[in-house]
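Report on the following structure.
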Amino acid sequence: MELNTKRRYMGGLDGLRAISVLAVIAYHMNLPWAGGGFLGVGVFFVLSGYLITDLLIEEWERSETINLKRFWIRRARRLLPAMITVVTIIYGYVFFFQPSLLHETQMDAVAALFYFSNWWSVFHHQSYFDSFMNPSLLKHFWSLAVEEQFYLIWPLLVLFVLRLFKSKKALYILTLVLAAGSLLCMGLLYHFGTDPSRVYYGTDSRAFSLLFGAILACIWPSRHLTGSKAQGIFLDGMGGLALLFLFLCIGYVDAFEPFLYSGGLGLFSIVVVVLISALAHPSTLLGKWIGARPLRWIGVRSYGMYLWHYPIIQLTTPANQANEVHPLRIVIQLILIILVSALSYRLIEQPIRRRNRASSGWLIVQQAGIGLFALFLIFSGTSVAARHALRFPVHSKQAAVVQHPQHKGTQADKQDEPGDAKGRQAMQNRSNRQRRKKQKAIVKHKHKVRHHAAPTHLPVEKSLRSVIPSCSAPNLI
């Protein structure tokens, strides 16, 4: 096969980005049909592993070397501007309008800027499942930390292996071994009936998704794919089934399901690999459909949408209504997310990625303008709108608690301001007490199982489900 010197644009992959980020947003909005929307982050992991490895191998085949400095500069231009903008604006907002959250925001901001948010949460024993009760607005940066750590280490390893063995086969075998090791790590570190935060946050236990994407890049390089009609029909069928599986997972998968952390996320990543292989091929109809213009538009801006969506949702959702679905609030939140991310893409991300010396002075003006405008947007669109337009009657006692619907309303639940730190702290304390009760109940059930052997594990699963509510956890990512 001939090696294409010009990199081909794969619109279907941008469409997949759009589906993934919309799933995550819907999940954090607590929409009932998106209980598995947190899996959108797993799609991003596989996709990033594929595209980055495909790019590295292409450069090696073209020049028999990989310019690491140029690679990291490109990544920095792509990722840092929007990320620094979001962190700066959130910190400024908290400094002026939510000073009670300043200390925690400072710590989270440092972790976010240096891309170790995931390990910060692990080392400080911050529960993944209780993170929704935490008033921090930067919790979702954990997934960006996982990807950036991969971007720092993986190119070095790829270059080392290709120089040592001069073969993609060696890279493929090593990647397969590392992926299996990461998946095994998740299975070994996860203990049934305990909080799986460690395995969900950890780069070591989540790297398999990125590595599965890298494996696909070794055997399915985009530059070698040619338009074969028969192959396209087969891939359309396989890709269609994978897409259906993805939608079913988004709709029905439970974040508390133990199977997820005992191989389920690995299976999900493999299905995403099949879907990407279909979308990346130039002759598939599925790639053209998923790469439709509206989805491409969202996909290109998906990074900014991911950065902005969590703080916007948190600041515009009253603490005692996080389980309530109000169409007007959802529409306003979605408009704010799209507007701010589109402005960020236009005025910050693109100018820096495509900058030249002649435009550097104007770029500074643009950056200052978008910073001030975004700060105004966040403050006015969250504080004012949430306190007035987005305050709705609470329709159920369950709305007072975000994750644990069995709780009854208390005086602390009556806090309905989205930025009320005291109300959130009271809810946090109550959540911690309930979690300790659940852990004690789990231990009691384990003792019962040891002393009263059952013919099957079904009664144990039912008893555990009575202790750990089987509900989609909002604000999980």
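Counting begins at 1 with the first residue displayed.
For all residues, glycine too, the Cβ spot is worked out from N, Cα and C.
A TrEMBL annotation is a machine prediction, not a hand-curated record.
Note that this is a predicted model, so its numbers are computed, not measured.
The transmembrane segment annotation in TrEMBL covers 12-29, 35-57, 78-97, 149-165, 172-193, 233-253, 259-282, 330-348, 360-379. Residues or ranges marked as domain 'Acyltransferase 3' in TrEMBL: 12-345. The compositional bias 'Basic and acidic residues' annotation in TrEMBL covers 410-423. Marked as compositional bias 'Basic residues' by TrEMBL: 432-454.
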Other than its close neighbours in sequence, what residues sit by the transmembrane segment (233-253), given a CB gap under 8 Å and a spacing of at least six beyond its ends? 19, 23, 33-37, 39-40, 43, 260, 268, 271-272, 274-275, 277-279, 281, 283-287, 290
Folded-back contacts onto the transmembrane segment (35-57), same chain, C-beta under 8 angstroms, at least six residues removed: 7, 13, 16-17, 19-28, 66, 71, 143, 146-147, 150-151, 154-155, 158-159, 162, 168, 171, 175, 206, 209-214, 216-218, 221-223, 246, 249-255, 265, 268-269, 272-273, 276, 280, 306, 471-472, 476-477
Based on Cβ pairs under 8 Å, which of the stretches 12-29, 259-282, 330-348 lies most in contact with the transmembrane segment (172-193)? 259-282
